[in-house]
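Undergrad: Questions regarding the structure given below will be posed in turn.
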Amino acid sequence: MSAGIGCVACWETIPLFSASKSTTFPVLSGVRRHSLSVPFVSSSPNLVMSPPKPLTLTPLQHSPLFDYHRLDQQLLRTLAYDALVWSSLHGLLVADKSVQNSGSVPGVGLVHAPVALLPTPFPENQWSEAIELAPIFNELVDRISLDATFLQQSLSRTKKADEFTSRLLDIHSKMLKIDKKEEIRLGLHRSDYMLDEKTNSLLQIELNTIASSFAGLSNLVTELHRYILSRHGNLLGLDSKSIPANNAVNQYAEALAKAWSEYDNPRAVIMIVVQAEERNMYDQHFVSAVLREKHNISTIRKTLAEVDQEGEILPDGTLSVNGQAISVIYFRAGYTPDDYPSESEWRARLLMEQSSAIKCPSISYHLAGTKKIQQELAKPGVLERFLESKDDVDKLRKCFAGLWCLDDPNIVRKAIERPELFVMKPQREGGGNNIYGDDVRETLLKLQQAGSQEDGAYILMQRIFPSVSAAILMRNGCWHNDRVVSELGVFGTYLRNKNRVIMNKQSGYLVRTKISSSDEGGVAAGFAVLDSLYLT
């Protein structure tokens, strides 16, 4: 079946055709990013004011189970309608960029989150492998955070080339000078993987230690797909029980609640540091709602600029913001240079680090999740510096893709000759930053010609080529058939008070699916949709 786009407001799927015009899916973040496009359809769809007609179809058990493009259009329209109703009723929503104030005023300009209509197949053995890695990575981050020499030395070249990393390292250095100890350490992490088609290996893309998003919405996508299969699984030949459970939002809230308890100030609140315009705010509000309703803990939301204006450190080290004591600081901003447009934001970051509040993440945890540290860990013997268990070291090393520093002339030469086999990564988070294809060659040649230390801002990574599958992608009430690849993110929660590990476990998952021709994969950045797994 040829690719097509359809809307629930249409009686039929609208076929795609070649055209010079294009309509662009909305970007769901205030950060500047590219977005997915589909060919423009000039005809206006007819509105349908009632649900689709009852189905009288033959089950698909005898068809390839995951060839979703073979679905009958009547069934597809019914699935899409049910998915949109469910999403609207259960809060699987984001702010619509086209609506003014939608990113700052709750309830204004709501639209369903971009989702895959049906779950993505994934081998159960590799799923189990990813789950097993989560607590090992949690422990690794904690141990790296305590090795100040390793962090400073590993990032010393990067510091000279990248201003953002340099400012983070300056804060880290100031904490070392005043001998600031983080005795209670909280980590909400997410390790992202792809399944390499050629080797069938689970390979890590990156480890996120700051602002790991979608614990709330990924939880809902899993429930959405289970709902769809519970209603239509017989027709699809799929069983909802094969979608693994996902309790990410409750486990994130549990970790924050336990950290709040360890801080031992019942009058204090948890502060969520946010961007001024946040179109993914409902994912964050889900965590706050669970904290309030299940744990009776209050949260406040502040931008970095507001923390600078309203914050102070009391004589006992307590961080007070607008007169309210803060026990835990949960960063959902501060991971990109765009979050620091002035010195005000940097003052706020330093103030928070100097306080006794539990930081999620602390400056050390933040640095431990940088691309350069990921590359350093792939060097022979480095993991053994932090982990005693050979079994744990072997499990982590097995999932490492090829990672190299740009001071290796041999690997740089290979990347110039075969740029399609590499990804060039700067020290940035949030999607839309990596360099691919011929741009890898051009960037490397420019860096060589410049002869400066700017290459220290990048690493090279082996490009992973995952298998391509059929999917139905939904945005703005319309569906779009396409060939896609998927990325699995496994959430991890870690809490430690001095020598006592209170929590260290895998805590749910996130699947992001994008069209196979797209290099980048961020949902908030407009490249991908939220998805779940169907274990095979």
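Glycine too: its Cβ is placed from the backbone N, Cα and C atoms.
Owing to the predicted nature of the structure, the values given are computational and were not obtained by experimental measurement.
The substrate binding site annotation in TrEMBL covers ARG190, 210-213, 278-280, GLN284, 332-335, ARG512, 523-524. Among the features that TrEMBL reports, Mg(2+) binding site is placed at GLU206, ASN208, GLU429. Taken from TrEMBL, the feature ATP binding site covers GLU206, LYS371, 425-434, TYR436, 461-464, GLU487, LYS514, GLU520. Look at TrEMBL and you will find 268-368 tagged as domain 'Glutathione synthase substrate-binding'.
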Undergrad: Do me a favour and check the Cα-Cα span between ARG463 (ATP binding site) and ALA333 (substrate binding site); whole Å is fine.
TA: 28
Undergrad: Measure from the Cα of ARG279 (substrate binding site) to the Cα of every one of the binding-site residues ASN208, GLU429, LYS514, then give the nearest.
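TA: Its closest listed neighbour, by Cα, is GLU429.
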Undergrad: Looking only at the domain 'Glutathione synthase substrate-binding' (268-368), how are its residues distributed among DSSP helix, strand and coil?
TA: 43 helix, 26 strand, 32 coil
Undergrad: Neighbours of the Mg(2+) site GLU206, ASN208, GLU429: Cβ within 8 Å of the Cβ centroid, same chain, sequence order.
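TA: In sequence order, the nearby non-listed residues are ARG190, ASP192, LEU207, THR209, ILE210, SER212, TYR335, GLY369.
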Undergrad: When the pLDDT values for the domain 'Glutathione synthase substrate-binding' (268-368) are averaged, what is the result?
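TA: Averaging the confidence scores along the domain 'Glutathione synthase substrate-binding' (268-368) gives 98.
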Undergrad: Measuring Cα to Cα, how many angstrom lie between PRO426 (ATP binding site) and GLN284 (substrate binding site)?
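TA: PRO426 (ATP binding site) and GLN284 (substrate binding site) have their Cα atoms 27 Å apart.
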Undergrad: Ten-angstrom check, please: count other Cβ atoms within 10 Å of the Cβ of ALA333 (substrate binding site), all chains counted.
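TA: 20, counting other Cβ atoms within 10 Å of ALA333 (substrate binding site).
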Undergrad: What is the nearest of the binding-site residues ARG190, ALA333, TYR335 to ASN208 (Mg(2+) binding site), using the Cα of each?
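TA: So, of the listed binding-site residues, the one sitting closest to ASN208 (Mg(2+) binding site) is ARG190.
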Undergrad: What is the separation, in Å, between the Cα atoms of SER213 (substrate binding site) and GLU429 (Mg(2+) binding site)?
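TA: GLU429 (Mg(2+) binding site) has its Cα 12 Å from the Cα of SER213 (substrate binding site).
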Undergrad: To the nearest whole angstrom, state the Cα distance for the pair LYS514 (ATP binding site) and GLU206 (Mg(2+) binding site).
TA: 17
Undergrad: Expressed to the nearest Å, what is the distance separating GLN284 (substrate binding site) and GLU429 (Mg(2+) binding site) at their Cα atoms?
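TA: On Cα coordinates alone, these residues lie 18 Å apart.
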Undergrad: Want to know which binding-site residues, from ARG190, TYR335, TYR436, are within 10 Å of GLU429 (Mg(2+) binding site) at Cα; which are they?
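TA: TYR335, listed in sequence order.
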